[in-house]
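A short write-up of the structure that comes next.
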Amino acid sequence: MEYYLVKWKGWPDSTNTWEPLQNLKCPLLLQQFSNDKHNFLSQVKKGKAITLKDNNKALKPAIAEYIVKKAKQRIALQRWQDELNRRKNYKGMIFVENTVDLEGPPSDFYYINEYKPAPGISLVNEVTFGCSCTDCFFEKCCPAEAGVLLAYNKNQQIKIPPGTPIYECNSRCQCGPDCPNRVVQKGTQYSLCIFRTSNGRGWGVKTLVKIKRMSFVMEYVGEVITSEEAERRGQLYDNKGITYLFDLDYESDEFTVDAARYGNISHFVNHSCDPNLQVFNVFIDNLDTRFPRIALFSTRTINAGEELTFDYQMKGLGDISSDSLDHSPAKKRIRTVCKCGAMTCRDEKSPRSRL
């Protein structure tokens with residue numbers, strides 16, 4: 001008869017008991033137990049195989065240790081997923097998945113929904129006027145007042161080229177929440193999943209639903225710091241082979257967004273030389289051109305299960321001309337060996353400075 005060692009929820013390890021299968025009314029946990037055991041054996045199959053044939057009375061210690069670690073990881077990731085969904089302020093749900101290794105939630109990452117200014121930096125610059133349109137799609141609205149075109153079509157898909165700023169209706173406008181010029185401010189509308197990549201790129205983000213081309217996907221948020229502080233932090237990040245620095249250089253070169261410790265789901269989006277997301281500068285309630293909001297839009301149709309990526313250096317964007325790249329929005333600083341695997345991969349170390 002098979003017996004299973006059971007850890008009882010809410011009770012210490014000292015109360016663990018061995019139970020026969022007939023006593024266990026938890027098919028999901030039993031399936032996870034079986035899957036974890038199978039995955040471990042599959043991982044060591046190419047090396048020195050560990051099988052149950054050696055001893056049919058008990059699990060090998062290595063297998064038992066892996067199953068316990070995997071169970072604890074599953075609990076930790078579920079708690080992290082719950083926390084992320086409590087903290088987000090938009091419609092789309094966040095899921096977390098790791099079927100690759102035993103890595104758990106990041107220990108020094110705090111989820112935020114908007115920019116977090118560093119001490120000495122003020123982001124308070126409320127708009128003093130808004131539109132009085134009855135139909136912002138046809139009337140002279142906020143973009144026209146700023147000297148640019150309305151960014152969206154009737155399906156709320158972006159229709160302007162990269163490098164062109166987006167001016168959305170703000171809190172002073174008389175138009176309602178269904179205004180076609182309110183897109184980024186509504187937040188992510190899609191359910192996304194933070195998942196562990198299988199090719200050494202750490203965490204990544206994939207969509208769980210189909211995303212139409214030219215649709216808003218997410219914002220890039222983090223701590224707003226000075227460019228001088230960014231240079232200091234950048235040297236530390238270089239030594240670790242990571243980068244979360246995004247220069248806000250729409251008109252000036254004074255500030256940078258650092259999403260290393262404070263950020264949202266975009267913190268986990270990986271680089272690709274052939275990306276499916278494009279960056280745009282957005283202005284809503286703060287019209288200070290030193291602090292544009294960074295919005296990521298889909299460049300093509302993205303199918304459910306596909307990883308979301310953007311080009312940290314704003315290259316490799318298909319039919320986007322080199323002229324538009326000269327006026328591209330904020331660029332992410334990077335000095336890592338590219339592992340994106342794209343056919344157009346540049347596959348070289350890149351300087352941290354902006355291009």
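Note: Cβ is positioned from N, Cα and C throughout, glycine not excepted.
Here is what TrEMBL records for this protein:
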| type | residues | note |
| --- | --- | --- |
| DOMAIN | 1-45 | domain 'Chromo' |
| DOMAIN | 129-187 | domain 'Pre-SET' |
| BINDING | C131, C142, C169, C173 | Zn(2+) 2 binding site |
| BINDING | C131, C133, C136, C141 | Zn(2+) 1 binding site |
| BINDING | C136, C169, C175, C179 | Zn(2+) 3 binding site |
| DOMAIN | 190-313 | domain 'SET' |
| BINDING | R201, G202, W203, N270, H271, Y312, K339 | S-adenosyl-L-methionine binding site |
| BINDING | C273, C338, C340, C345 | Zn(2+) 4 binding site |
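Residue counts of the domain 'Chromo' (1-45) by helix, strand and coil are 23 helix, 8 strand, 14 coil (DSSP-based). Other residues of the chain with a Cβ within 8 Å of the Cβ centroid of C136, C169, C175, C179, the Zn(2+) 3 site, are C131, C133, C141, C142, C173, G176, P180, N181, R182. C340 (Zn(2+) 4 binding site) counts 22 other C-beta atoms within 10 Å of its own C-beta, drawing on all protein chains shown. Considering only the binding-site residues C131, C133, C142, C173, C338, C340, the residues lying within 10 A of H271 (S-adenosyl-L-methionine binding site) on a C-alpha to C-alpha basis are C338, C340. With every protein chain in view, the residue among the binding-site residues C131, C133, C141, C142 whose Cβ has the most Cβ partners within 10 Å turns out to be C142. With respect to Y312 (S-adenosyl-L-methionine binding site), the closest of these binding-site residues in Cα terms is C338, chosen from C142, C173, C175, C338. Listed in sequence order, the binding-site residues from C136, C141, C175, C179, W203, N270 having a Cα within 10 Å of the Cα of C169 (Zn(2+) 2 binding site) are C136, C141, C175, C179. Break the domain 'Pre-SET' (129-187) down by DSSP state and the numbers are 7 helix, 4 strand, 48 coil. For C345 (Zn(2+) 4 binding site), the same-chain residues 6+ apart in sequence whose C-beta sits under 8 angstroms from its C-beta are C273, D274, C338. C179 (Zn(2+) 3 binding site) and C131 (Zn(2+) 2 binding site) have their C-alpha atoms 11 Å apart, to the nearest angstrom.
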